[in-house]
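Here the structure comes first, spelled out in structure tokens, and everything after it is commentary.
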Amino acid sequence: MVMEERAPARQRGLDYSVERAVLDEESLEEVAQRRTREDKPALAQRLRGKLSCSAAKLKHCLFTCIPVLSWLPRYSFRECALGDFFSGISVGIMHLPQGMAYALLASVPPVFGLYSSFYPILVYFIFGTSRHISVGTFAVMSVMIGSVVERLAPDSDFSSLDKVTNETLIDVLQRDAARIKVAAAVTFLSGLFQVALGLVQFGFVVTYLSEPLVRGYTTAAAIHVIVSQLKYVFGINPNRYSGPLSMVYTVIEVCALLPETNVGTLVVSIVSLVVLLVVKKISTALSHKLPIPIPIELILVIVSTVITAQVQLDNKYGVQVVGEIPQGLQAPVFPDSSLFVSVVGDAFAIAVVGYAIAISLGKIFALKYGYQVDSNQELVALGLSNSVGGVFQCFAISCSMSRTLVQESSGGHTQVAGALSALVILVIILQLGKLFQQLPKAVLSAIVIINLQGMMRQFTDIRTLWRSNKVDMLVWVVTLVFTLLLNLDLGLAASIAFAMLTVIFRTQLPQYSLLGRIASTELYRSVEEFAQAQEIPGVKIFRSSATLYFANAEMYEETLKKKVGINIVQLLRHKKKLAAKEKRREKQEERRAKKEAKKNEKKGGGATDCVESEETGQEETGREETVQEETVQEETGREGTQRWSNPLNPHSIILDLSPVNFLDTVSVKKLKNIVSDYREVGVEVYLAGCQSCVVGEMERGGFFLKALSKACLFVSVHDAVLHCLRRAEHGPLDSPAVRDTAL
């Protein structure tokens, strides 16, 4: 069959014409010459090509595994050095207050936040592929670490009763030592998870964390962070809670302890919050005039430390301060492996969340500046950063949005800026750390809370998602609720499960539609959505908006029956009745034949008997002819679906499978049943738009059996329609492979 398609090419103002034969799958394979397995390279040959070694492959592998070797030798001092220098100094200054503040979130001494801002950055400088992100301490990661630390090393394990004063005393030194071990263990294990996932090319795991899920999760994590800092803001000591509903219990106890608020601590907190908020607003308003944002965190840290030391806020007013900060670096210590079993679930959650945040920001800046970020190498880089950091008693790191924006806006071009920021932290650890021993913890809490305002603005996502996609809004809200109620680890797992369920529900409840042809085109659209889409007489074209698999195969068949309007069960029941009547008629004829034979064999039979026999036979024949005529009338009158000439009843059904990207055994079996059931009632079923992988799954699933061939598969809906119309015009063809003439 020759098919002519004409459509206006509006961009050029010209018409075009396409002429080709109607193609089913068999003829397509003949024309296009599908490759067989023999045409493809053998497995041994492919393995030989993969495993073969050469200088070029070795160089490529080395540069891929250690990206710094590819870009550092080509580093342009003229273009990048000055910007990277100022950017590194600016980000290093931010690392100081944020590192110490986020250490409080992780429930470890502040100096370990400085360690976490040094070692991991150097490792990422060597193995990372993003040029602009600033890795290091991050609020969400810190609070996740803190929840694990407080669960495995609570204050109650290190408390004792003073018999003299009858007060509960806590051995802070032993508690901090135990918490450092827990933080290092979970950090090291999360790093191993990230390295392992990166080596097995599992970087796509982040695709299961949709943007609404990540934003809802980080918003809930920000609320967790704020609640955890209330004790430093008010100067109170609530009990530690862990597990589901821990945040609810904490809020209730904080409210109960408000009468015991330390006034001096509250004043310091309020002043710090106001100063930070006002100066950050001014810095944002003047961002187009300032080369770098105002380093208000560093200024506040220095000023508050000086004031506290001079006024002695800790001794006179009971304001908690950071305390002793050891000078110098810690010797590497392998984490306590006995803790791995207790933290394995938390470590995996931390690994996934940290990677999701880092790769999201990395891809944003890579797209902006036109370079590639290797997802799997980023997993390895973050994993090595956390693993090495765990050995040096750091806690898990990720990418900070605020530091990344400063690093990019202050002129940073490469990770040299990150390395310089690590050197700034090194100088502080070696020489300047002891100067911040009088820093109030309330100031660090204020820095943490103000830095979370960007995450809290994400509540506006609800309004945006309500307008664009209500399912994504539901994922956002449910993730927020789950994370708030179930804590960060269980909340993440429950949120991912819910997000997957929304996908399953959407594939189980797709949109089913009948298609009609747009006049003078080969385009077919839903007759319910397009007024100009007209159904082809005698042909029903059915399409589902989702793929076909075991979860929706039954609904696919039921909806097809409703849309097409053919009650197969009733027709088959009627066909069985007709068959039963035909069988009874045959039995009656057989008995009559036997009776006549017996009468003819009688020797003494007279003419009268012959006449009576003849009359009886005529009566029976007349009665049977009447029954047969009624049967024919009933068959043609009630259900006329078997007559090709009746345009009111479909003689052909076309299943548009273009949205289907895979088939399982259940769906293949269901398609076979659909084809065979409709054939039983005289309606032919054709499949159109099947992808190559779907055709292969049909072959492996045994679809092309019992008189079925690839001739019932057409490359497009229009090919199938033309075939159906030609078949309806000339009746059933002897061979489905016959090529029809032009319409």
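Just so you know, glycine gets a Cβ as well, placed from its N, Cα and C.
Feature annotations, reproduced from TrEMBL:
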| type | residues | note |
| --- | --- | --- |
| TRANSMEM | 102-127 | transmembrane segment |
| TRANSMEM | 182-204 | transmembrane segment |
| TRANSMEM | 265-282 | transmembrane segment |
| TRANSMEM | 294-313 | transmembrane segment |
| TRANSMEM | 347-367 | transmembrane segment |
| TRANSMEM | 379-403 | transmembrane segment |
| TRANSMEM | 415-432 | transmembrane segment |
| TRANSMEM | 476-505 | transmembrane segment |
| DOMAIN | 529-724 | domain 'STAS' |
| REGION | 579-645 | region 'Disordered' |
| COMPBIAS | 579-604 | compositional bias 'Basic and acidic residues' |
| Quick one: DSSP breakdown of the compositional bias 'Basic and acidic residues' (579-604) into helix, strand and coil? | 23 helix, 0 strand, 3 coil
| field | For the domain 'STAS' (529-724), mean pLDDT (0 to 100) | value | 77
| query | Do the transmembrane segment (182-204) and the transmembrane segment (294-313) come close, with at least three CB pairs under 8 A (pairs 6 or more apart in sequence)? | reply | no
| For the transmembrane segment (476-505), what are the same-chain contacts with Cβ under 8 Å, counting residues 6+ beyond its ends? | 140, 143-144, 147, 208-210, 212-213, 215-217, 219-221, 223-224, 242-248, 345-346, 349, 352-353, 461-462, 465, 551
